[in-house]
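What TrEMBL annotates here:
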DOMAIN    220-386  domain 'Helicase ATP-binding'
BINDING   C445, C448, C486, C489  Zn(2+) 1 binding site
BINDING   C454, C457, C473, C476  Zn(2+) 2 binding site
DOMAIN    463-640  domain 'Helicase C-terminal'
Amino acid sequence: MPTTLETNSTNYRIRVAVPVHLYDTFDYLVTEEQYQHIHLGARVSVSFGRQNLVGIVVEKLPTNQPIQTKFKLKFITEILDEHAILDEKVLSLLTWSAQYYQFPIGEVIQSALPTLLRQGKPADLLTRVWILLDEHAETKIKRSDKQQEAYKILKLHPQGTTENILNLAGIETATLKALAKKDICKCVHEKQDLSPMPMTLAQMPLTANEDQRKAIDTILKAQNKYQAFLLDGLTGSGKTEVYLQVMERVLKQGKQVLVLVPEIGLTPQTISRFQSRFHCNIVLLHSGLNDSKRLQAWQHAQSGKASIILGTRSAIYTPLPNLGLIILDEEHDLSFKQQEGFRYHAKDVALYRAHLEKCPIILGSATPSIDCYALVEQGKLKLLELNQRAGSALMPKMHVLDLKVSPKQHGISQLLIGEIKRRIERKEQVLIFLNRRGYAPVLICDSCAWQAKCPNCDANFTLHYQPYSHLHCHHCGTIHRKPDHCPQCNHEELKPIGMGTAKVEESLNELFPNVDVIRVDRDSTSRVGSWQKIYDRIQTSEPVILLGTQMLAKGHHFPYVTLVTILDIDSGLLSVDFRAPERTAQLIVQVSGRAGRGEKKGDVYLQTLRPDHPLLSTLVNHDYRAFAHQTLKERKAALLPPYRYTALIRCESKNQQLNQDFLQGYAQNLRTNANELIDIWGPIPAPMERKAGRYQAHMVLLSQDRAKLHFYIRQWWQNMLHQKPSNMKLSLDIDPQELS
Ligand code: ADP
Ligand code: ZN
Ligand code: ZN
């Protein structure tokens, strides 16, 4: 296309990242006055194709060069922010992320903005403040505990309290509105006071034990410079106390602390521990917040008003003017990796951010990832170990139950049933882990062996009886009625095989008719607040059997649980993914870690058909670190990650041959150009080849040289994107965590 030289318009141009799935940024014209006033990191609205989009200014182009472009440049529509809303460091972090993960910059930046800002709403929203009007309203408020509680808190703060803080204290906006209706309080909009609130201690720190002391002192030596730590502490060894004491020092200097946790489910406890230790402005950032709450929290963070920012994965991109420390808790958790779209790993981004901001970062876990141990080996992470449980709690004892020889009832070994009975009689709590929701994973015909399979996936339907009996595909969401007869031979007996949480719940109710069984899975906790209720119930010392999935495995503190059991660990032991043993070992140790955290010692029972599996014997006879050490050696010998860097291409279309041929061509191309540098696995059909009616194929690239791997992929990937058939979907996953 011929290059045209623009002569008639202005020479003032800016470069804008626009939220579209294109790898480029786009140039727009501005007036001289706009050019003088516009900031990098500010939003502008621009017309793009037929749409009007909100973009971010990423560059002001020098004015002394003539404009050479294939297209006639357009003027921007409007400047939306007088000041930058993304600071320079966050902009570089985003640019780096877009390059590293090879994802369109406009979409990367978009993911860092709260929804209201993406929509072009003003960035300096007013803050809602609630003020008490009637100081003698006790009698006006009747039975409702919620209103009494809200009233008491409002009374403590005659100047008024922001809605954000009230919400954090568990006071719902609806309750405040109810009080306002009775003229007991009112809501005013106040221009935000964005000055930070100095931190004061609300509670004295615990006396650190020797390991904790050593960890705290070492981290504190690294203030105001980049250093990365791995806090490797057994479950219940007091990692949180280490965080709190390091945070105290950082907060005292008027700096901000960013704390990343894997899931919202974990935040209520973490936030209450922070709140009871520190008087300061704490904000939460996670996807469960509504848009205005999220914007408000984000503004507090971005303006420097918030001192502690507690968030999930995407909070890593929050602008923080005074960042002094990053903590990433439960470092091994997979939810730090985004598994679709912009597939970043918040842990790697956090390490880079700490480096940019010149501040320390702590990665904490009881079961650190093998990747982190490798970084320790390379001297990139400093290892800090906590080797005993804090206080008086002891580590639980592990027992392996051989399902081949033990007599069973409802799939649970007799011996285990006896042990559960004993705990309940002693008024203790029991936790049963099973990572499979629903009633049964298989429904089979007794006569002809027909199985209920999802018509769209290579997968069985899961049988559910709640809220009505149906078949559900956990991979694509398809729901079918449960047939009364076998569709193949008309036989009347269709038999559920295997057990899901709903089935085990039924069995436990039969085995222990006088004990409360609480099921915790996505089906039983989908209502807002239901998990909090369950959590409160667990914190009372009443005997109870907790039965649940993943949700129960994570960092919770259940002081009355003395017996933990994992009903089926074999699926994890049999998986083909080279990371499966790591995940299984982490799961076993994390679930086990819920036992014996109070005064009484805990026991862990693992049911398996493979009691002699080396992973189990290493964990039972030694510990997680021994397992990790062994795994590192094996990965090194096999040249698997983290000893080689990887990228995974996923290809999806209605035709598997098309996928395979397409990938094969590109594999050949890479072999010709970078044969010694890059090893290629595949293309092969994905472990679940057909999902939601489309076929999936994979290709994995491996290399010991990360820079060269990324260099070779760059152009190659762009070519693929340009040449792929239109009905094919392609994605690139840099440093994939799952090969499925
Ligand atoms: P982790 O985060 O490592 O799983 P926690 O921080 O939850 O462990 O600590 C487990 C329990 O030990 C908590 O109840 C905590 O209050 C207590 N604890 C931590 N450090 C100490 C200490 N130095 N002295 C006494 N108790 C402690
Ligand atoms: Zn049949
Ligand atoms: Zn399906």
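Glycine is no exception: its Cβ is also placed from the backbone N, Cα and C atoms.
Features per TrEMBL, on structure.
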| residue | record | Cβ neighbours (10 Å) |
| --- | --- | --- |
| C445 | Zn(2+) 1 binding site | 21 |
| C448 | Zn(2+) 1 binding site | 11 |
| C454 | Zn(2+) 2 binding site | 24 |
| C457 | Zn(2+) 2 binding site | 21 |
| C473 | Zn(2+) 2 binding site | 21 |
| C476 | Zn(2+) 2 binding site | 16 |
| C486 | Zn(2+) 1 binding site | 20 |
| C489 | Zn(2+) 1 binding site | 12 |
Of the binding-site residues listed as C454, C457, C473, the one whose CA lies nearest the CA of C486 (Zn(2+) 1 binding site): C454
Integer Cα-Cα distance in angstrom, C454 (Zn(2+) 2 binding site) to C445 (Zn(2+) 1 binding site): 15
Secondary structure of C486 (Zn(2+) 1 binding site) (DSSP, helix/strand/coil): coil
Model confidence over the domain 'Helicase C-terminal' (463-640) (mean pLDDT, whole number): 88
Where the C-beta lies under 6 angstroms from ligand 3, the matching binding-site residues among C445, C448, C486, C489: none
Cβ under 6 Å from ligand 2: qualifying binding-site residues of C445, C448, C457, C473, C486, C489: C445, C448, C486, C489
Extra residues within 8 Å (Cβ to Cβ centroid of C445, C448, C486, C489), Zn(2+) 1: D446, S447, A449, W450, P487, Q488, N490, H491
Coarse DSSP state, helix versus strand versus coil, of C445 (Zn(2+) 1 binding site): strand
Distance-selected binding-site residues near ligand 1 (C-beta under 6 Å), from C445, C448, C476: none
CB-centroid shell, 8 A cutoff, Zn(2+) 2 site C454, C457, C473, C476, site residues removed: P455, N456, A459, F461, H474, H475, G477, T478, K691, A692
By Cα-Cα distance, the member of binding-site residues C445, C448, C489 nearest C473 (Zn(2+) 2 binding site): C445
Top Cα neighbour of C476 (Zn(2+) 2 binding site) in the set of binding-site residues C445, C448, C489: C445
